[in-house]
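Q: After the structure tokens below, expect a handful of questions from me.
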Amino acid sequence: MTQKIKCALIGPGNIGTDLLAKLKRSPFLEPVWMVGIDPESDGLRRAAEMGLKVTAEGVDGLLPHVLADGVQIAFDATSAYVHAENSRKLNALGVMMIDLTPAAIGPFCVPPVNLKELVGRKEMNVNMVTCGGQATIPMVAAISRVQKVKYGEIVATISSKSAGPGTRKNIDEFTRTTSGAIEKVGGAEKGKAIIIINPAEPPLMMRDTVHCLTEGTPDQAKITESIHAMIKEVQKYVPGYRLVNGPVFDGNRVSVFLEVEGLGDYLPKYAGNLDIMTAAAARTAEMFAEEIISGVLKLEPVVA
């Protein structure tokens, strides 16, 4: 039996609950704590039924148990507003943070684009951008590694049912964080992000549109090849990630149309936005966990 790295999840909402299902299947990670603020929360109840320790007293309810229970990685699926404080408290105990909020106090992580580099830098807080960012930035990066992208714009459409209260509270942060990551990770000179929450019934599957303006005339063959290679990389951890149409070339504009089907771990398969976020976070934590298990990475307390 391989040694597993013990994890805590903060935020028992849609994202936290979906992530828990994925961590339960991980060969390297063992979820042991679920942290919430509402004792009546469905997510806390579910986690307790799965055998996790739970607290409804927020991160402060977890802190006294971190060292005794050997927690080394924590996932924050709460809100951008509280993440900095959560991270400070846990980093001080030597716990690495995987941030699933748009707080972005640590470097952005989009696994197929820059995960290996971040593991090598021994970061103690990495930010998973947003669901729209995880779905689209690999495509921007696939184009920008072929030639310079002057402008990258993404439109993420998610079903209303898949957007919980935390996601709704963080809409402005979603836009800012995703735009920044299109530039920093995707490689576009200027980035723009738009999110649409669609109330249609039955709920629609997550759809994403990516438009990039290249500096010169797009090299169609190379860009097409690069996009298909990148899609295969994303499909390694999100099998329901699909190219619906494209790349479509129109002058200097390259457009890619995607849909993301979820595994249906917590919400039904239309909520691919949960999957792309939680699967990317689990993939990231697994890479760090492998380094910890092999002795290459030693987590040290961070003094604030």
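Cβ coordinates come from backbone N, Cα and C, glycine included.
Look at Swiss-Prot and you will find Cys131 tagged as active site, acyl-thioester intermediate, backed by sequence analysis. Look at Swiss-Prot and you will find Ser162, Ala163, Gly164, Pro165, Gly166, Thr167, Arg168, Lys169, Asn170, Asn273 tagged as NAD(+) binding site.
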Q: Beyond the listed site residues Ser162, Ala163, Gly164, Pro165, Gly166, Thr167, Arg168, Lys169, Asn170, Asn273, identify every same-chain residue whose Cβ lies within 8 Å of the center of their Cβ atoms for the NAD(+) site.
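A: For the NAD(+) site, the extra neighbours are Gly13, Asn14.
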Q: Using Cβ-Cβ distances, find the residues under 8 Å from Gly166 (NAD(+) binding site) that belong to the same chain and are at least 6 apart in sequence, listing them in sequence order.
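A: The list for Gly166 (NAD(+) binding site) reads Gly11, Gly13, Ile15, Ala77, Thr78, Ser79, Thr101, given in order along the sequence.
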Q: Determine the C-alpha span of the NAD(+) site listed in the record, that is the greatest distance between any two of Ser162, Ala163, Gly164, Pro165, Gly166, Thr167, Arg168, Lys169, Asn170, Asn273, in Å to the nearest whole number.
A: 16
Q: Among the binding-site residues Ser162, Asn170, point out the residue whose Cβ has the most other Cβ atoms within 10 Å, with all shown protein chains included in the count.
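A: Comparing the binding-site residues Ser162, Asn170, the most crowded Cβ belongs to Ser162.
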Q: Across all protein chains in the structure, which of the recorded positions Cys131, Gly164 has the highest Cβ count within 10 Å?
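A: The residue with the densest Cβ neighbourhood is Cys131.
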Q: Once near-sequence residues are set aside, which residues in the chain of Arg168 (NAD(+) binding site), 6 or more away, have Cβ atoms under 8 Å from its Cβ?
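A: Ile197 - these are the non-local Cβ neighbours of Arg168 (NAD(+) binding site), listed in sequence order.
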Q: Looking only at C-alpha atoms, tell me how far Cys131 (active site, acyl-thioester intermediate) is from Ser162 (NAD(+) binding site), rounded to the nearest Å.
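A: One finds 11 Å between the Cα atoms of these residues.
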